[in-house]
Amino acid sequence: MDGNGSDIHDHILRPRPRKPQHAQVMQLTREHSNTSSNGSASALLETPAEGLGSGLTSGRSTPVPEDAPQSTKALSSARKQVRAEQRRRLFPTIDYTSRVSHFDPESDYRDFHGFFNLFWIGLAIMAITSMLRNIKDTGYPLRVQIWTLFTVKLWHLGIADFLMVASTAFSLPLHMLTRKSDGGMSWKTGGMAIQSTYQVLWMSLWIAVPFALNWTWTAQVFFLLHTMVGLMKMHSYAFYNGHLSETEKRLRALDNPSTANKDPVYQYPSVENPMGTIANGGLEVDGDSDDEGLKQLREDLARELTSPIGNITYPNNLTWSNYVDYFFCPTLCYEMEYPRTKAINWTSLIAKIVATFGCIFLLTIISEEFILPVLQDSHTRLEATSSAFDTLLILFESISWLLFPFMLTFLLVFLVIFEYVLGAFAEITHFADRHFYADWWNSTDWMEFSREWNVPVYSFLRRHVYATSKPRIGKNMATIITFLISAMGHEIVMACITKKLRGYGFICQMSQLPIVMLQRTRLVRGKETLNNVCFWCSMILGLSLICSLYVLV
């Protein structure tokens, strides 16, 4: 410094100012300095003694004497471990382990509910954009071609549907009559023939009603599907109670064993016994005395007359209230009683009702915006051409344009029927078994799809068609008969909707059998991804193809 007090560079080298350090780093540095002054510099790299932790303590720990009780030492060790676990590392690390991604085939992760929500968001976007386009083109958010069909002859539909449902109750008075008769009017000798004849006439009448009244195709679809449900419910109720009627007569006949039938008891197909079996088939009843065989036969007959839950015994189920309750339950297979829930979940019920109308709204938008215009345009172009090549080109183009709309239609129809409508009726009737479908979207062949896509219909066909025909005609023929009846039902539905009897649906349904045989060969069997891709491709293509053939050809 000069005489005027001004600073002069003194050429002294000073360290540069350092940034503030982390408190733990400063404490670690001080400890290292103390260690260096008391020992060798290599002590910095030595591992702390076991049980002493890292040394970064608060200083409030009280040393534990060597002769302290074991409980005191355990408590002190636990405190040190907790403090060590809570202390954060200066540089966080990532724990790596052997894991697979959520979409990996080996993954156990199955919760993809977010994609379900995304599906609905995508449909909402589709509906909003369609309405905005309609406002731009026509000034109205919705087209009216299909919406107006819902209100045409609505009272006719309501009255006819009520009469159709009420007429299924013919089975109840018939059973009351056949149960009391031991002659020609018993179920086996006369009741079964009367019921079968009535079902044929009943089905023919209600199929002809929509044609006679000239209903719209929307009303005809609803009424026909409901008629199919009524037919299956009536058949299951009649034939199961017919079996119980004959079983009761056998049990009463054993009061006089000398003239009674002592054959083993046939157990009717049920959830626990889907194919039906012979109870104690190896047990023989030789004498007329009350031996073990005769007692077992009585027990088997009495067990068959008792509901699976055990609260109702035949014929206490032959009441009007039981029949009405069965008809409203979301099942096609009759039982004397079903498992029930304790109360109605009103939140779930309201949500399912709202979702039902929401699905119908979306189905109508898809039909008006993406299906009906394609069919109308293709129909006009087909009428104007006479070339076979142009006809095939227009048909293939129509099929390609309908692929995605029919895929959405298929998914929405599945949701509205099996998740929302059946779920709503299950809530109303306290029906506890909600297994209306399985994971059919993972199907690898059509046989698996038929088991898991529509569990109520599959259970009905297995119980009343396959299981009853298999002992007489064998497994293979029973399978063919089951598919044949299912194909006929699908063809009837398509013929009533389009008012054309073409057989396309019947052929496609029956062609599933050779496809299943091909998929179960050694070259294809076990390749789940390939088979599932083939299933989805054939499903989407088949829906579009059948619609185009029925409407345009």
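Placement of Cβ uses the backbone N, Cα and C atoms for every residue, glycine included.
Any TrEMBL annotation is an automated prediction that lacks curation.
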(message) I'm validating the feature mapping. Which of 155-177, 477-499 is tagged transmembrane segment in TrEMBL?
(response) 155-177
(request) Could you tell me what the rest of the chain brings near the transmembrane segment (115-135), counting residues at least six beyond its ends with Cβ under 8 Å? (result) 141-143, 361-362, 365-366, 369, 408, 411-412
(message) Between the transmembrane segment (399-422) and the transmembrane segment (346-366), are there three or more CB pairs that fall under 8 A, provided the residues in each pair are separated by 6 or more in sequence?
(response) yes
